[in-house]
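Worksheet: one structure, shown below.
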Amino acid sequence: MPDAARKYQPYPTVGLTDRTWPNKVIDKAPIWCSVDLRDGNQALIDPMGHERKARMFGLLLDMGFKEIEIGFPSASQTDFDFARWCIEEGNVPADVSLQVLVQCRPELITRTFEALKGATNPIVHFYNSTSELQRRVVFEKDVGGIKRIATDAAKMITDMAAKAGGGYRFEYSPESFTGTELEVALEICNAVTEIVRPKPDNKLIINLPSTVEMSTPNIYADRIEWMCRNLDNRENLIISLHPHNDRGTGIATTELGLMAGADRVEGTLFGNGERTGNVDIVTLALNMYTQGVDPGIDCSDINRMKDVYEYSNQLKIPERHPYVGELVYTAFSGSHQDAINKGMKALKKANTSLWEVPYLPIDPADVGRSYEAIIRINSQSGKGGIAYVLQADYGLNLPRNLQIEFSQAIQAITDAEGKEVPAKRIHERFLETYVDQPGARLKFLDHHTYPDTAVKGRRVIEAVILDKGKEVTISGTGTGPIDGFVDALSRHVGVEMSVLDYSEHSMQRGSNASAISYVEMEYPGGKLFGAGINTNIVAASLEAVTSAANRIVGRKAR
């Protein structure tokens, strides 16, 4: 990589030594504005058609968004037509404002008002880029020229709104605010405010976007607090944030911006947007929810939200995405699973509504997820999750090496079928592989042992087995039944085998409880497990040896 100090320069700080935002907390939800249908849509490889837009729009209404940016109607006929559909057929509640975006160009402003005819309290969101870099290399204008673009647009928009009979709301964005000197951003915003003349019953939205995330979140917060202190007519302004996620800190940037005095947030569901995306409104809302703050939008059916997002955007949500990912409520670490299990049990016993479960900052049920999701198994699952399923639902405590081995069998299923494997199917596959073994060559029936008169301390075992359906008696010697039976089977099948590890446990309580034994066997070329279940612990262990031998013989025969 090139020398960083020669190629890049650090972002300037604000010098706000008396900043107050670090001592603030977020104790109420901001005004939310979804920009999924505009900023999110323009970032898609395959932009939404009408059906995909309509489905997303319906979800946003159901979630309770009161401000929805529906498009850029002057930029395309598709967006214009969708705006008309929303107004004429979208069944928009009276308390919902449709927002549209427009550049500060006369012909585009005219077209925008045509698109908004008949809308109730629509928001006209006009913008122009104000950054030092774009002033210099894109527009080749000084600050006065850039300010004039904004003020000319503000005059035209307010005049057209008045001629249309009023009822319009206005939003102005100094685009690339993060690349604009604070004094310049302030000068332009104040000039726009003077023209719009906002009032208590029709405040002007001043949107201060992190169009490109260029600094740590604390510096953005300083900039927001500085603007809130210095903007004219602040009491009649709504300060809005529009963060992107270029540095991966969009959530933190937004939260600190709210602490710094902002009133409103523009973002998208699950963070779709240009480059690395817009800020994720769902994560923001649920972060507030888990701090005891009503987020003001309904995220109780996160599975539907995910489905609509993936259908409308033709994008997949990562498994580890906060709150919604397939694996966020699933623990694979054995210690994590144990802590969750104990926490859930303790919660049931506690006489409180307070949620306190290790590793789960939110109750999955609050967002429409089931508790089974904590132990669900799919193609991304590991040995820990599979072991947890078998332990929690069927009382099987698999040894670690068996967890690793059996997880490969489940992985084969998920890879082949591409869908979730339910707990019942996992248990059936375990029994089929290690216990019942339909079609296997060998089956243990009975045994007896007696002292080996030739070698002190050793015993002879005589066991009755089925070999390809034929009853056979085999014998061997060893220090105990397992050792002797392994010797007998090795001689019988002609493969040298030995026990590497053995464990057993009861599956239920009581004198007639079944026990399960696990045996790891080594043979020339590898090692494999077997398992046996019986009310007699010795019989269970010999069945486990037989199980492992069947798998070894089957492997050798390939």
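All residue numbers here begin at 1 and follow the chain in the order shown.
Even glycines carry a Cβ here, placed using N, Cα and C.
What Swiss-Prot says about this protein:
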BINDING   Asp39, His242, His244, Asn278  Mg(2+) binding site
DOMAIN    30-303  domain 'Pyruvate carboxyltransferase'
REGION    437-558  region 'Regulatory domain'
Far apart in sequence but close in space: which same-chain residues, 6 or more away, have a Cβ under 8 Å from Asp39 (Mg(2+) binding site)? Glu69, Glu266, Thr268, Gly273, Glu274, Asn278
Neighbour count (Cβ, 10 Å) for His242 (Mg(2+) binding site): 26
Apart from Asp39, His242, His244, Asn278, which residues in this chain have a Cβ no more than 8 Å from the mean position of the Cβ atoms of those residues at the Mg(2+) site? Val35, Pro209, Ser210, Thr211, Pro243, Glu266, Gly267, Thr268, Gly273, Glu274, Gly277, Val279
Under a three-state DSSP reduction, the secondary structure at Asp39 (Mg(2+) binding site) is helix
Given a separation of at least six residues and a C-beta threshold under 8 Å, show me what packs close to His244 (Mg(2+) binding site) in the same chain. Pro209, Ser210, Thr211, Val212, Glu213, Gly250, Gly273, Glu274, Arg275, Thr276, Gly277, Asn278, Val279
A correct count of other C-beta atoms within 10 Å of the C-beta of Asn278 (Mg(2+) binding site) gives 30
The correct three-state DSSP answer for Asn278 (Mg(2+) binding site) is strand
